[in-house]
Amino acid sequence: MVSTITLNDGSKIPIIAFGTWTAGHGQIVTDRVEQALDTGFDHIDTAQSYGNEEETGKAIRESGLKRTQIYVTTKFSGRKDVETSIKDSLKYLGLEYVDLYLVHHPRLANGDIPGLWKKMEKIKADGLAKSIGVSNFGLEDLKILYEHAKVLPVVNQIYFNPYSYKQQLDAHAFGISHGIVTEAYSALDPITRRPGGPVDRPLAVISRRHNVTPEQVLLAWVRQKHAVAVTYSSKKERLEGYLDSLELELLPDEIAALDYAGAKKWWLSTSTIAKRVVPVLAMSALGLGVSYYTGNDIRLSA
């Protein structure tokens, strides 16, 4: 079993997850989730809005693993009310409960974060989710929630990597001081979507020093920020490398170098901008803004 972090409700969450956001749809999703489980991942992260909960559930059932051996996260994405949404998700996943249920974005509260959170607390009380949390919440959102919550969120899943760290630091620090674990999605963006920037050089130096891949360095950076990484690959050897990153310990000066480089402003290449704009336009067609998937106040340039 992968190493875990103990959450504020006493449950334990694996510190690295396989996410299905970019896995697609159909049998390919089932195949890739099965591959991740076979490789050793025991935390699967999906969402109502990804449209592949059913395929994910099929992979879980076909894995042969006991329910208690797999940690499953899904998210309320606002298509229906909270109670109907969780029941739909459980039906698609073929599960009686999920380990973690998240509010996908604060905008889903329609200005009433306390009201929405009260409904999330009922989901937990009814046993439909073992733990509840949030995603894409900024500092002010967290403060409002903290002031009114009877049950604290266990995590805040946000866009988190060296390029967003400076902008997310307040929310991350608030989480640390109040027992809310940060989950990092798009942790590998400096390699996959934003190559050519200031982080490239320290990433290369650190990788050579430890004889590891840049991906492993970034995942170690996330872990040493006391955060959970949500990542993805279609290649088994890369998934194995991601799990191997759990053995890597970066030096304080290496973490500082990545932080410093990530805080620098720079312009994205045309090809990288195109890769980011296309999905944003697609989301806009569905009535969703950029920050729906990139977090609060995260700009295209760091």
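Glycine is no exception: its Cβ is also placed from the backbone N, Cα and C atoms.
TrEMBL annotations: computationally assigned, not manually curated.
Over all protein chains present, the Cβ of Tyr50 (active site, proton donor) has 22 other Cβ atoms lying within 10 Å. Annotation source TrEMBL lists active site, proton donor at Tyr50.
The substrate binding site annotation in TrEMBL covers His104. His104 (substrate binding site) falls within neither a helix nor a strand when secondary structure is assigned with DSSP, and so counts as coil.
As annotated by TrEMBL, domain 'NADP-dependent oxidoreductase' applies to 16-259.
Non-local neighbourhood of Lys75 (site 'Lowers pKa of active site Tyr'): Thr46, Ala47, Gln48, Ser49, Tyr101, Leu102, Val103, His104, Ser135, each in the same chain, at least six residues away, with C-beta under 8 Å from its C-beta. Residues annotated as site 'Lowers pKa of active site Tyr' in TrEMBL: Lys75.
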Tell me the Cβ neighbour count for His104 (substrate binding site), meaning other Cβ atoms within 10 Å of its Cβ, over all protein chains shown.
21
